[in-house]
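Student: Encoded as structure tokens, here's the structure I'll be asking about.
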Amino acid sequence: MFRSALVRSSASAKQSLLRRSFSSGSVPERKVAILGAAGGIGQPLALLMKLNPLVSSLSLYDIANTPGVAADVGHINTRSQVVGYMGDDNLAKALEGADLVIIPAGVPRKPGMTRDDLFNINAGIVKNLCSAIAKYCPHALVNMISNPVNSTVPIAAEIFKKAGMYDEKKLFGVTTLDVVRAKTFYAGKANVPVAEVNVPVIGGHAGVTILPLFSQATPQANLSGDVLTALTKRTQDGGTEVVEAKAGKGSATLSMAYAGALFADACLKGLNGVPDVVECSYVQSTITELPFFASKVRLGKNGVEEVLDLGQLSDFEKEGLEALKPELKSSIEKGVKFANQ
């Protein structure tokens with residue numbers, strides 16, 4: 001009885017996934033490359049992208065252990081063909097023909113580490129990978145997961161500019177995990193079904209630069225100022241909460257992989273012409289005085305079709321917006337400076 005219930009539940013989940021995905025007869029061929037595919041985020045992300053029916057070719061790249069991950073994931077009976085590539089010599093093959101490149105490469109955060117502590121290691125990794133993207137798949141959409149995202153996205157932009165291949169519509173900082181957390185925490189306090197909740201999150205992707213707009217949350221709940229302040233703080237500190245709970249054994253790898261897969265799915269739907277695909281992401285932007293900013297964007301065949309305005313903010317959110325700007329500005333400048341050294 002348990003087994004048949006499980007089978008029914010699995011079948012219904014799969015049907016639901018297929019329904020949510022773009023379906024109009026034939027789905028276009030789409031190659032997705034994951035750089036850092038053998039890591040803590042990369043492996044569960046590879047699994048989730050293998051389950052996505054919009055992916056026809058899954059290219060897994062890392063400096064070690066990728067053949068094993070590819071063999072494992074490749075046994076799953078879904079549409080995409082999987083190939084694992086290992087080492088610098090194979091990066092070109094991993095990237096050629098990619099429609100979407102997802103970058104979770106780099107070191108994870110450990111207890112006591114800030115995202116800035118990650119900068120010196122991850123910035124160099126991102127710089128090298130983006131040089132290769134500019135050379136081997138310059139027209140691909142690029143989803144940046146490697147922290148600190150507030151700095152790694154500007155690094156990528158500068159590397160693409162130097163190569164003469166920069167298209168601001170095709171470069172995204174993945175901030176979906178902030179949205180996922182805001183939805184989860186809000187649903188818990190508002191006592192509403194989490195699947196029905198939506199909360200835009202703006203700003204950046206680290207600490208105080210993360211600003212959930214609970215005043216725009218749906219369904220709207222009448223939560224007190226104290227509760228909203230606590231929810232905002234918990235959303236901002238979500239990564240630290242996981243790092244501390246794992247006690248030195250890792251960071252938010254599983255929830256990040258889930259969020260990365262959600263955003264990648266949205267990008268693929270946009271590429272395939274599905275209308276009205278709107279997600280929050282950290283992109284080149286003119287909606288504030290900062291050159292990069294996270295807000296709602298409409299995705300389409302060229303990547304970013306439109307950066308949506310921030311809408312009505314509460315007084316608390318207006319204060320938060322002004323408070324985050326200096327830190328975000330500093331992170332952006334740090335990335336630009338590194339890329340141009």
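Keep in mind that glycine also has a Cβ here, set from the backbone N, Cα and C atoms.
What TrEMBL shows for this protein is this:
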type	residues	note
DOMAIN	31-173	domain 'Lactate/malate dehydrogenase N-terminal'
BINDING	GLY36, ALA37, ALA38, GLY39, GLY40, ILE41, GLY42, ASP62, ASN122, ILE145, SER146, ASN147, MET256	NAD(+) binding site
BINDING	ARG109, ARG115, ASN147, ARG181	substrate binding site
DOMAIN	175-338	domain 'Lactate/malate dehydrogenase C-terminal'
ACT_SITE	HIS205	active site, proton acceptor
Student: Far apart in sequence but close in space: which same-chain residues, 6 or more away, have a Cβ under 8 Å from MET256 (NAD(+) binding site)?
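Tutor: Same-chain residues close to MET256 (NAD(+) binding site) (Cβ under 8 Å, separated by 6 or more) are ILE41, LEU45, PRO104, ILE145, LEU177.
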Student: Quick one: of the recorded positions ARG109, ASN147, ARG181, HIS205, which has its CA closest to the CA of ASN122 (NAD(+) binding site)?
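Tutor: Smallest Cα separation from ASN122 (NAD(+) binding site) among ARG109, ASN147, ARG181, HIS205: ASN147.
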Student: Going by C-alpha positions, which of the binding-site residues (ARG109, ASN147, ARG181) is nearest GLY36 (NAD(+) binding site)?
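Tutor: Spatially nearest to GLY36 (NAD(+) binding site) by Cα position is ASN147.
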Student: Could you tell me how many residues in the domain 'Lactate/malate dehydrogenase N-terminal' (31-173) are helical, how many are strand and how many are coil under DSSP?
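Tutor: When I sort the residues of the domain 'Lactate/malate dehydrogenase N-terminal' (31-173) into the three classes, I find 65 helix, 28 strand, 50 coil.
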Student: Based on the record's binding annotation for NAD(+) (GLY36, ALA37, ALA38, GLY39, GLY40, ILE41, GLY42, ASP62, ASN122, ILE145, SER146, ASN147, MET256), what whole-number value in Å is the widest Cα to Cα distance?
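Tutor: Binding-site diameter by Cα atoms for NAD(+): 18 Å.
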Student: Have a look around GLY36 (NAD(+) binding site) and count the other CB atoms within 10 A of its CB, chains all included.
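Tutor: Excluding its own Cβ, the number within 10 Å is 26.
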Student: Have a look at the recorded positions ALA38, GLY40, GLY42, SER146, HIS205 and say which one has the shortest Cα distance to ARG181 (substrate binding site).
Tutor: HIS205
